[in-house]
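Look at TrEMBL and you will find 20-38, 89-108, 120-139, 145-166, 178-196, 208-230, 293-317, 329-351, 358-379, 391-412, 433-454, 460-480 tagged as transmembrane segment. What TrEMBL lists as domain 'Major facilitator superfamily (MFS) profile' is 25-484.
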Amino acid sequence: MAVALAVTGGGGQYNGRMTWFVVLSCMMAAMGGVIFGYDIGISDSYNDYLCEGGVTSMEPFLKKFFPEVYRKMKVDTKISNYCKFDSQLLTSFTSSLYIAGLVATFFASSVTKVFGRKPSILTGGAAFLAGSALGGAAFNVYMLIFGRILLGIGVGFANQSVPLYLSEMAPPRYRGAINNGFQFSIGIGALVANLINFGTEKIEGGWGWRISLAMAGVPASILTLGALFLPETPSSLIQSSSDHDKAKQLLQRVRGTTDVEAELEDLIKASSISKTIKYPFKKIIQRKYRPQLVMAIAIPFFQQVTGINVIAFYATLLFRTIGIGESASLLSSVVTGVIGAGSTFISMLIVDKFGRRALFMVGGIQMLISQILIGGIMATQLGDHGTVSQGYAYLIIILICIYVAGFGWSWGPLGWLVPSEIYQLEIRSAGQSITVAVSFIFTFIVAQTFLSMLCHLKAGIFFFFGGWVIVMTAFVYYLLPETKNVPIEQMENVWKEHWFWAGIVGEEDEKIKIQGV
């Protein structure tokens, strides 16, 4: 059965329709985003202090595992508002996930290329499920850390394989909408985590945090079981086997039409090239792939220095810093979660119409203005020891919501979409691993340095990240070509037609032709 959304041939497009087969498969795969989002809302709440309504806003959790932070928060009133949660032990614990994910994503690259996208998704779900069980049952910090490492392995595998799966399964005209579903799923996971935290924080007896941590096993179970029934992508099937008839049957089922010869021919051609490449990580550093390598590094780096870690990961701290009570700050985080998910849904609807560049530009300007205003208000109205007036507090919340909406329809989803769709098949798995690794590296760096930066820069931290937003918006304007509606196997052509990259890629093509002659 197929949804009546035609993808006509011509103009670089293939024949086919958006089928229910694709929709259901991608919905199941996108559960990888839900586990990542849930971890952001729950586990990353370890992130040094009270991030987005997380379990560390629960005093029993702090008392049991991080008593020093609890003491500073409750007893030492002389510590600056910006410094009271500065704990390197808590920071290091949080960052263990990113180190584990960083290592895991390179293993995932080999699994994804050799065995397929499905085994990587399955591995990610199983590891995350085990980590959530350990976290919920933890009775000492060591169990928490080990569980955190397993969560990192799960996220590393899922983040490496799921965006590739979505981009390869989607018809070109709807690839943006389907792939943005990954970020939408992240938003849903974080929102659910915030809602659970809001409820479990009220539980008497001090064990609500166990429910919050253990509930991560629900989406992980769905992903793990669902992965058993997921089909492989046609690209992966052709890459890992020589049974083209089987791949053709799958492609016909995926596209809802028997006329798939053009796409199948491109897939076979890409696979033939891919099978000649033994060392994709060595291959991707060649001049021919320079644009893709730059994007694989720059886009996830910029995504982490948007300032989203300040506003989203640490929303509850900010709300408390400006004088909003614990329950109110948790509720405010839920509101920002709804806005983030809603704006990402809007991005799904418009990204294939207006394109990636337009959303990047509009979102960047929106985030920059919000950050400047928030930083200005906090610099002028909030001292080291005190609060802002209720009117200014609500204004900051509104500005945070505007910022979250800007991120939600730009750098949030597009930071996953663009890297996953620009790589040729021979470097696709390696390129996605680099993207995930860079994301984890700079998330780790932000996690390790944010507390100290907040303590020293105070409100100036918003201007610091605002400066990066200016840089990244200019980067997109000058160096990122538009990729909407371009079939993934023909994506290399956008670089040959770009004003800057054409000189680099074109020179390499000329060298290859001369050598061939």
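The backbone N, Cα and C atoms fix where each Cβ goes, glycine too.
On this model, are these features tucked inside or out on the surface, and what's nearby?
Non-local neighbours of the transmembrane segment (178-196) in the same chain are 22, 26-27, 30-42, 45, 52-54, 162-163, 166-167, 169-170, 211-212, 215, 219, 312, 330, 333-334, 337-338, 340-341, 344-345, 347-348, 351, 408, 412-417, 420-421; each lies 6+ residues outside the stretch with a CB under 8 Å from one of its CB atoms.
Same-chain residues lying 6+ beyond the ends of the transmembrane segment (358-379) with a Cβ under 8 Å from its Cβ atoms: 306-307, 311, 322, 347, 350-351, 388, 392, 395-396, 399-400, 402-403, 405-407, 409-411, 414, 458-463, 465-466, 469-470, 472-473, 476-477, 480.
Sequence-distant contacts of the transmembrane segment (391-412) (same chain, at least 6 residues past either end, Cβ-Cβ under 8 Å): 183, 186-187, 302-303, 306-308, 311-312, 315, 318-319, 322-324, 332, 335-336, 339-344, 346-347, 350, 359-360, 362-367, 369-371, 373-374, 377-378, 381, 472.
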Can you tell me the mean pLDDT for the domain 'Major facilitator superfamily (MFS) profile' (25-484)?
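A mean pLDDT of 83 is what the model gives the domain 'Major facilitator superfamily (MFS) profile' (25-484).
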With a cut-off of 8 Å between Cβ atoms, can you find at least three pairs linking the transmembrane segment (20-38) to the transmembrane segment (145-166)? Only pairs 6 or more residues apart in sequence count.
yes
Counting only residues 6+ away from its ends, which parts of the chain sit with a Cβ under 8 Å from the transmembrane segment (208-230)?
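Same-chain contacts beyond the flanks: 25, 28-29, 31-32, 34-35, 38-39, 42-43, 54-55, 58, 60-61, 118, 121-122, 124-126, 128-129, 131-133, 135-138, 147, 151, 154, 158, 165, 189, 193, 196-197, 199-202.
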